[in-house]
Structures are given as C-alpha cells and as structure tokens.
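Here's the structure we're looking at; comments come further down.
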Amino acid sequence: MASSPVLATSLPQKQLTTSSSVATAGGSRHPPPEQLAILLDKSDSVDLVKRIHAAILRRNLFLHPYHPVLNLKLHRAYASHGKIRHSLSLFHHTIDPDLFLFTAAINTASTNGLRDQAFLLYLQLLSSGIVPNEFTFSSVLKSCSAQSAKAIHTHVLKLGLGLDPYVATGLVDVYARGGDVVSAQKVFDRMPERSLVSSTAMITCYAKQGNVEAARVLFESMPETERDIVSWNVMIDGYAQHGFPSDALMLFQKLLAKGKPKPDEITAVASLSACSQIGALESGRWIHVFVKKSRISVNVKVCTALIDMYSKCGSLEEAVSVFNDTPRKDIVAWNAMIAGYAMHGYSQDALRLFDEMQGKAGLQPTDITFIATLQTCAHAGLVKEGVRMFESMGQVYGIKPKIEHYGCLVSLLGRAGRLKQAYEIIKKMEIEADSVVWSSLLGSCKLHGDFVLGKEIAEYLIERNITNSGTYVLLSNIYALVSDYEGVAKVRSLMKEKTIVKEPGISTIEIDDRVHEFRAGDRNHLESKEIYTMVRKMSERIKSSGYVPDTNAVLQDLEETEKEQSLEVHSERLAIAYGLISTKPGSPLRIFKNLRVCSDCHTVTKMISKITGRKIVMRDRNRFHHFVDGSCSCGDFW
C-alpha cells in the first residue's frame, strides 16, 4: 500500500532546513524509521514533530514499507500538540489510508469539535470498502446525533460488536445526549459490564429528562470507589434543576462527609443554584467560604452563581460585592447582576448597569438582558422606558422578541392599568400567547377591578384549553370578588373534572442553616404552639396600632370573623412568627414565598416591621419586598 506525504509547502520553510536535532536524538546521522516512530511518541514539542516530519520528507521515507506506521505516529503527534489542521492535512494527503489512520483521523475530528467532518470521514471509510472496528465506532459515536447513531447502531450489530464495552458506552452516551432514554436504556441493560462512562451517561440521561429518582437508584448502585466527581455533579445538578433543591444540598453534604472525590467548580455552581431556589442564604455563604478555602477555581461561572444566589436569597449587598470583585465579567455575569437589581426593585441601578455594560464593558445585550431590564421597568412602573426598551430590541439590537419579552411587556402595561393596550399587544403578537402571558393580563384585571374583561379572557382561555392552574384560580378569584359564588363553584368543579390542582402557597425561612417550610394553617412544626402564640400576639399589637383586616383578600364565602382568622394563618404570617421566636431581637428576617403575597399580608408585614424594629425581606413570585419601619421598597406597587 503506497502513501504520499503531506506537501512540503504546508509546513513552515524554516522547519524543512535541518534535521540535525533529529539525528542527534536518534544517535546517528540517519536514524531508521523505527527510531523516528519512537521519537514521535516521545516528542515534547510541536517543533520536534515538524523536524521529524521534514526528515521523513527529505529522506523519501514515504516510499518505505514502514511509512504507514510513521504516518499514523505523525498524525497522532500533531493532534496531541493541538495542531489539528496539520494532523488532518496529513490524512487528506495520504493515498489509500488504512483503517488505523482513518480511525485516528475520525477520533481527532470528534474530540476537537469537528463533528460533521468526523462523520464525513466515517462515510468515506465505508465507501472505500474498509470494515470499521470497535475503535472506529467508539470514535465516530462521539460526534454524531442520536438520529445518525441509529444507522451506525445497525452496522455495529451486523458486525457483532454490540456488546463491545467501548462501542456500547459510545451508544449509551450518544442516545443519552439526544434524550433518547429508551434506546440508551436498551443498550445499557444489555451491557455485560458497565463502565463508569456508560453509567454516568445513563444517569445524565435520566437527570436531563427529570427522572431524578431513576438517576439516584443507578447512582447508588455504582460502587462507591467508581463514583467520580462527574457522576456526583450530575446528580446534584439534576436535583437542583428539577425542583428538588433540598435533596441537592443533602447530596452535597453527603459528598463532603465522604471526603472523596473533591468537589469542583461545577459542584459549587449546582449547589449554589439549589440555595437560591429555597433562599438558603447561610448555606450559600458557607459554600462561598468553602470554595475559597478549597481553592476551587473561582471562575466567572462560579462568580455568576454567587451573584445569582445572593440576589435570590435577599442579600443584594453581597451580590454587588461579588460582582465588583469579578475580574473578567462576561455577559452572563452582567445579566445576573441586572436581574438582581430588578428583582429587588432597584430600577435605576439596573438601567445604569445596562448602559455601563455596553459603554465600559463593550458588551452587546442578549435576549436574557432584555428580560431583566423589562422586568425592572414592570416592577417600577416605568411604562415609557419599558416600551422604548422593547422596541429597541429589534430596531437597535436586531433581537427578535420571544414569548418571555411579550410577557414582560404585557405585565408592564397591565400593572400600570393599561389593560386594553396590553390586550391589543397579545392579539397582535407574532407568536401565539401562552398561558403565562394570558395569566399576567388576568392578574392585572383582578388587580385593577376590571372583572368584565377578566371574566371574558378567562372563559376564552378555558374554552380553548390555553390554561394552567393559575388561570382557573384567577377566574375563581374574579368570581369571588364580585360575590358570584356560583361561578366559583363552577370553576372548582371544572378543575376537579380536569384533575387540575391549585398550587399551594408555601413560605420558608432559614434558621441556623435549616430551612423551615410552612403552609396556610400549618400545625406540623415542632414549635407550632409557640408559633401560634406569637401569631396571636402580633395580631393584637397591630390591631392596637390601627390595622383593619382586608377581608377582600379571602376569596371564600365565609363570615367576616372566619375571614379574619383565615388571614391570620397565611403561610408567610406563620414563617414570620417563627422567625420572631427563633432569632435575636432586631435581627433581619428573610421569608420566601412561592406565590404572590396577598394585599393583607403585605400590610401586616409592614406593620410588624415597625412595631418589632425588624427588617423583613420577603421574596414572592414577582419580586423582593424590603419591609423597614412600616414601609416597603415596592412602594405598594407589585
């Protein structure tokens, strides 16, 4: 089998002038091809590889019977030193490359992100009549899609390589990456021996699909000695991304208790994400200190996770501190800080940062940036600024609005009472409005008392099945506000018929690194007796200060006294009461609620902050509220 060399002109001319160093290394003026192959394997610089290549060309060794081996060694040497162009050029200038060179070229392309080229090389191999082996398949599978893998899988089975550990691992990985759980599971179940890579790929597949229970079962079935930090990270992140933040933090603690493997920056980012979801500020602070002490790489991703965690856990000052200390901020870090200012109601700071990002940092805003800035305008009631910002997306920055941007615009106009204008925006949208956008307008109808429009929209959505549980709840609330309890019963019956469950209101508070959860009327807490005693005490004190219960916030057909009692045991009131009995006088309280805080609880929290001298930070579904000395940072606009 004859081979031709890479054209000499493809190498820098100065590299072709001498091979003296090659001769010295080989111990003779003209080391034999076998010795050159050994030198290529041991080469510690691309400079030496090029000199050996030059020597091969000068001595016409491409005619030598040993040249296929030299060619393969040259290819690998260039690739190992990052010279991918040289490596693949060598392949393309080889006449009749053999299986080994084809496989090496496919692997080089795959591992360096040249997926299309890798697959084309595989097709070229097949068209040349060469039969691939297990290493060829494992190389090409790294680069192909789940759809392409189907055809390769068929070829694998024809050649009897389906049970080869390298090939099977590659198949599990490619199916897992493509989200094809069924195919990945079939291959995985048939493997006689499961490798760490195949098990981790399968865990990743389960986790990405939200099946964290199956992922955990497989994770626990792996021998402890085989669980590397990648598999731990997949599990922790899987919990964090799919609504199980407490489980994510417990698994992180389990990892620390074992001592091995050592957490890395990915572990930190996943754990900080979990903290941000449940407002676990103390846990987040502990992780921040741990990252510093453990010498984990504090790169921009870790810094961004810290900014996000501190912002969402109610400590904007610490978020700003991390942001200012981040040396090379990317657009994601800027977006996180703008969003932090937005959710805390610091609209001017958010808009200032938006301008600074473009001016000082020279970064162009992304679609995510505009979600944060539009939310800023919505929370602050900056209608003109928000509309101008929305229009600039396409006109100035060439960004096509997505459903999230329309949702922000509808929220902005709706909160400001411009219900008809918001309605027109929805009707003229280029994309179909989803239940979230419609629910935003419905909420504004309820807020501003336009029950006619609200009822019309809600019934339209239910008729066309463009709904979520919130749509039904809002329609029920609208009926209740006009005392149409027959309508309320009708909506509840419809929800029962469609098995739609209302999302329960849950409030949490972190005390001594432990997150305590409360629901309305909850008596499951170990200190329930003391909590309810404090609730009654606070009710008496705020009433003596002029508090009158807003019974309109109770949307049930009850007597006034029953409505007052119902308001007293809302989840946020219970969380505040627990905070008051569990912390030192004067210390701040941080409450996190999954739904919008009701008007009565908002008023009560303002009064409690005044009579107790406490700062109470509350995050609800819409934003943060900072209650200090009887007033709220939202200016009663939320």
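One-based numbering along the chain as shown.
Cβ atoms are placed via backbone N, Cα and C, with glycine included.
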Matching range for TrEMBL feature annotation, region 'Disordered', among 1-31, 497-527: 1-31
Cβ-Cβ under 8 Å with the repeat 'PPR' (330-360): same-chain residues at least 6 beyond its ends: 300-301, 303-304, 307-308, 310-312, 316, 319-320, 323, 366, 368-369, 371-373, 375-377, 379-380, 382, 385, 619, 623-624, 626, 633-634
Helix, strand and coil totals (DSSP H, G, I; E, B; other) for the repeat 'PPR' (330-360): 26 helix, 0 strand, 5 coil
The repeat 'PPR' (228-262), counted residue by residue under DSSP: helix, strand, coil: 27 helix, 0 strand, 8 coil
Intrachain residues whose Cβ lies under 8 Å of the repeat 'PPR' (299-329), provided they are six or more past its termini: 265, 268-269, 272-273, 275-277, 279-281, 284-285, 288, 291, 336-337, 339-341, 343-344, 346, 361, 590, 617, 619, 624
